[in-house]
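Working notes, beginning with the structure itself.
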Amino acid sequence: MIRAENITLIRTGRRLLDDVSVDLKPGKVNVIIGPNGAGKSTLMKVLSGEMRAEGGSVTYNNVALPQFTPVQLARMRAVLPQNTQLAFPFTALEIVRMGAVAQGSRAPEEQARRALARAGLRGFEQRSYNMLSGGEQQRVQFARALAQVPNSVENGEARALFLDEPTASLDIGHQISVLETARDFASGGGLVLAILHDLNLAAEFADQLIVMHGGRVTASGPSLDTISDETIARVYGIGGVVGRLPARHIPYVLPQSRHR
């Protein structure tokens, strides 16, 4: 379990995170939603160990995050950042291999090839990363994360995937494929934390939704309880857009319905 308690982070006089507390459990897909500037990526960076907050604490299985070395953290969790651009002319295989090396694999190239296949990129091994489309680059970076945590559980402890807008550059087919792979990782006992702007995908795939606004968590729980007209109006400033799919009781957001 990853637990954050009373996280506060201030930069250039601005409070980016304000007394944020979350519990992330293995076996679950946790999704953060909220408007631009809500603090979503900042919270993920604090939870993954990339940034340190001024106040509060983060623990992995009851051990304080600062107690882990970078090598230990690299073997416990993998991060797909929002920005996937690189300045150097690596091949797709070389980039994904970096994830396998960080994990300490004894066969990093083989592990990288398997991860590329899981991301639907078999045959891309020798393609130049900088010549790929934005969506293909996104999937290569997703494969790198999969190579870094190839198994949901290692030595009895859950591994974690941190995915910052993993569907941002993808077509609908690959959006669903990436999220299904993430869900499979969670189903195997791993922990997934993703940031999504597509509320319909968030509603479908999240076991726990975390709604952020103004650096605070304003709601959390199953999508059926958290995605409502009231929440959308308060957080995004539009109203009358949420419906329900009768068969599975999954909420869906239809922006056109605001014109009723």
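Cβ atoms here come from the backbone N, Cα and C positions, even for glycine.
On its own chain, G37 (ATP binding site) has no residue at least 6 apart in sequence with a Cβ closer than 8 Å to its own Cβ. Swiss-Prot lists G34, P35, N36, G37, A38, G39, K40, S41 with the feature ATP binding site, giving sequence analysis as the kind of evidence.
Among the features that Swiss-Prot reports, domain 'ABC transporter' is placed at 2-239.
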Environment of G34, P35, N36, G37, A38, G39, K40, S41, the listed ATP site - residues of the same chain whose CB lies within 8 A of the CB centroid: M212, H213
Other C-beta atoms that fall within 10 angstroms of the C-beta of P35 (ATP binding site): 13
Packing count at K40 (ATP binding site) (other Cβ atoms within 10 Å of its Cβ): 24
